[in-house]
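Below is one structure, written out as structure tokens; the observations come after it.
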Amino acid sequence: MKKIHYRKFLPVVIFAIAIAIIFRTVLFASYVVDGESMEPTLFDGNLLMVNKVVYNLEDVDRFDVIVFHANQQDDYVKRVIGLPGDKIEYKDDKLYINGKYIEEKFLEPYRNVNSNELFTEDFTLEEITGNAEVPEGKLFVMGDNREDSLDSRSFGFISQKQLVGKVDVKYWPLTEASLTLGK
């Protein structure tokens, strides 16, 4: 019987662990959804994979689901509604950006359940932030559960410094696993 020399595998194992650490800290991060602010898209306890690679304001698209540093202790998961230069208004439960109606298809499951209720209260960006448009270097974000979300309507714009990355994968529970939660 041939004897296996485990020492031969040690460099490979150390290399694999180093690659995994780099992958985890630099390229991607795993997050657990805490709360109901992104329902019906994300639920409390869902596990997410966040892409941290070269993701800055130039890479952000409207309706991307992102993770950002809300403060020194907490990271939030929200949806990008407004990009730099956008004028935002909600009127009669409809989103208008720069005067043009923009459909929010991702909200349909929630609207279908609560069809008789106003989903998003009327507001203009200027009414809630004092700015007529989203400033350069900033984003306006909202939770999908508009009635139960602490978002830019409360704390204002977020900056590029706060941005962690884009949610690319929801991987738990497995029955609801999906790629990219944008548009």
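Placement of Cβ uses the backbone N, Cα and C atoms for every residue, glycine included.
Annotation source TrEMBL lists domain 'Peptidase S26' at 8-172.
Residues or ranges marked as transmembrane segment in TrEMBL: 12-33.
Sequence annotations record features per position, and here TrEMBL assigns active site to SER37 (among others). In the three-state DSSP reading, SER37 (active site) counts as coil. Around SER37 (active site), taking its Cβ as the centre, 22 other Cβ atoms fall within 10 Å, counting all chains.
Under the three-state DSSP scheme, LYS78 (active site) falls in the strand class. The Cβ of LYS78 (active site) has 25 neighbouring Cβ atoms from other residues within 10 Å, across all protein chains displayed. Residues annotated as active site in TrEMBL: LYS78 (among others).
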Practice prompt. Pop the Cα-Cα gap between LYS78 (active site) and SER37 (active site) into the table, whole Å please.
Written response: 8
